[in-house]
């Protein structure tokens with residue numbers, strides 16, 4: 001039902017204003033199928049607005065956007081069949097358990113066997129132990145993992161992640177990165193927005209910098225690096241970063257995101 | 001209307017009913033205020049109020065039931081507001097589901113929660129001496145009017161639920177609705193009120209609804225009150241539904 005050879009996302013001349021605030025001023029970019037595309041920008045650059053337009057939550061004032069070959073303005077229902085959105089704030093139901101959250105989304109996507117889909121995803125995202133607990137008791141990292149797991153239900157070909165690691169601790173951030181990489185390896189197209197340079201550097205095949213409502217550069221990491229004069233060689237003593245120290249102390253594999261099993265006791 | 005409207009609404013209704021059963025305190029608090037009012041009016045003021053009715057609790061109950069609904073729908077606005085604040089609302093909107101089912105699930109949940117609160121209040125009234133010899137048809141009519149009134153007020157509650165900027169704002173709209181029965185025939189007959197107030201009291205929706213409910217329960221002829229009551233309920237329902245849907249459409253487009 002889709003034009004398989006069309007790019008996953010095509011955006012042309014996108015414009016959006018809120019009253020007198022001109023948020024997007026002619027945004028153009030294209031995302032190839034199966035790639036990870038990072039929209040990098042500081043707060044207020046218009047990243048979330050762009051994602052909301054692409055996920056049919058907002059209407060653009062001008063310009064066109066096609067997602068999975070469908071026009072977001074005129075074929076919104078088809079676009080919604082093709083995407084999943086993980087918004088800036090974890091879109092999970094705090095009152096329900098993790099398993100119930102997943103089963104809810106599976107039912108809303110009209111899939112058979114919602115319970116089994118939920119169990120599979122719980123296992124894949126290391127949440128099986130917490131499956132029956134209310135999400136209100138989850139840590140930030142667990143909540144984000146559940147959030148992303150909910151977005152995978154029904155295998156939508158395109159996933160939007162709006163600032164997926166904002167507010168997460170370093171371990172949870174690495175867990176999310178791992179999940180995103182696995183997605184792309186399985187052929188899902190990922191468009192993520194971030195304000196963290198290292199996140200774009202770690203994950204993205206292509207990076208576009210959105211600044212004051214315009215894409216000012218768009219390219220691979222290497223292309224972006226070539227915009228600056230070649231690096232000059234300097235000898236600097238390699239010090240561990242604070243992140244290295246932190247992760248070495250608390251253990252980088254804390255998959256549960258909980259405390260209590262680490263070699264060095266947390267504060268008493 | 002999408003082909004999945006009914007199945008999507010059912011799934012989402014199941015979700016918000018779980019919210020209710022996991023926070024039964026909201027239903028209990030909804031019932032406590034009207035029960036306290038009923039206790040106070042029957043045992044404190046009741047002896048001094050002359051209504052021409054044998055039992056003050058029989059006289060009072062219809063008004064108390066409307067107050068129960070008016071305070072119950074504040075939670076509808078609160079639940080909708082909470083969904084809007086978290087990301088879950090946007091997740092639903094970006095999914096291929098019938099768009100209005102998100103709203104209908106909240107409305108039907110409100111109906112269920114209010115019916116539970118109403119049953120609790122009626123049970124307490126029975127303990128306090130409320131008696132009615134009304135038959136099945138009369139009780140069904142009472143239930144029908146209460147359901148219509150709940151739906152009408154619920155659709156009003158949807159509007160602040162969608163547009164409020166804060167939790168307090170989302171539920172503050174219910175205070176005037178809770179107060180309205182006091183300016184009606186719910187607690188005292190309107191005869192002794194000053195003219196201006198009496199004209200207002202006799203022509204506002206609560207009075208005709210209260211009178212219709214009271215007459216149904218007391219096995220008295222309902223006269224024109226029941227038609228005026230139904231007209232008010234359906235009228236408020238139609239207007240608030242149109243406004244709420246319009247607000248919703250602007251919110252999601």
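Cβ atoms are placed via backbone N, Cα and C, with glycine included.
Annotations in TrEMBL come from automatic prediction, not curation.
Going by TrEMBL, these are the annotated features:
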- B:25-251: domain 'ABC transmembrane type-2' (DOMAIN)
- B:27-50: transmembrane segment (TRANSMEM)
- B:56-81: transmembrane segment (TRANSMEM)
- B:102-130: transmembrane segment (TRANSMEM)
- B:136-158: transmembrane segment (TRANSMEM)
- B:170-188: transmembrane segment (TRANSMEM)
- B:226-244: transmembrane segment (TRANSMEM)
Open item on the list: Between the transmembrane segment (B:136-158) and the transmembrane segment (B:226-244), are there three or more CB pairs that fall under 8 A, provided the residues in each pair are separated by 6 or more in sequence?
Closed with: yes
Task: Top partner of the transmembrane segment (B:136-158) among B:27-50, B:56-81, B:170-188 - counted as Cβ pairs under 8 Å - done: B:56-81
Task: Contacting positions for the transmembrane segment (B:170-188) when only residues 6+ beyond its ends and CB under 8 Å are counted - done: 41, 49, 51, 60, 62-64, 66-67, 70-71, 73-75, 77-78, 80-81, 153, 156-157, 159-161, 164, 197, 200-202, 204-207, 210-211
